[in-house]
């Protein structure tokens, strides 16, 4: 079922639908799932561990755990959102963003085009899993499936790690400050954590990362697909102009040949 593109209460362009899709259906749900997974991992790592859990000290260091969590969680979340939101884009069930960012020219912004994969967006097509998989993963039709899958994963890895670094820059220092405030100080700048504190901390941390990462991923995907449609329009317009110019050029060349022949004296 294709949603209405109108600006009504539940139209794809409405602010309510944008908010519910991006922040509730994906952001909050992603945060809950991520928080639950992080809680389970922390329980397995720390609860029955005989060694103390420190903020900075090894082998059980929460600072290192949180730093690694950001990059792993953002990478996994990004891939999941690409697949889920990509399917919705394929069926025209995604929101239409209430803002727009102009697509720059490729000749002067090649890194931008490469990073955001403007040429490889998802647009509505024949509703079949095969068509979706082809549109999502195939970048080089002449190459093997393994090569295309590796290229797809590499592109997602690069952009997700850039976003992860941005999130880490803001979230990790704040988290370390909060943990220093609730931990038990043992020496200098070192703090120790007991009982359920590490698990609860990782639950909250995972929820926050999921709540931040999923909306960012969705916005990037929706912008890319909008740019992809604009790219197709530009390419189609350029092709039509070239087709119109070709007959004119042929006529001009024919006229030039006729004039040249007329100036050649007969033997």
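Cβ from N, Cα, C; glycine included.
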In TrEMBL, of the candidate ranges 15-41, 42-68, the one given as transmembrane segment runs 15-41
Below 8 angstroms Cβ to Cβ, which residues of this chain, lying six or more residues outside the transmembrane segment (203-223), approach it? 21-23, 26-28, 30-39, 42, 66, 69-70, 73-74, 77-78, 81-82, 85-86, 89, 94-97, 101, 116, 159-160, 163-164, 167, 171, 175
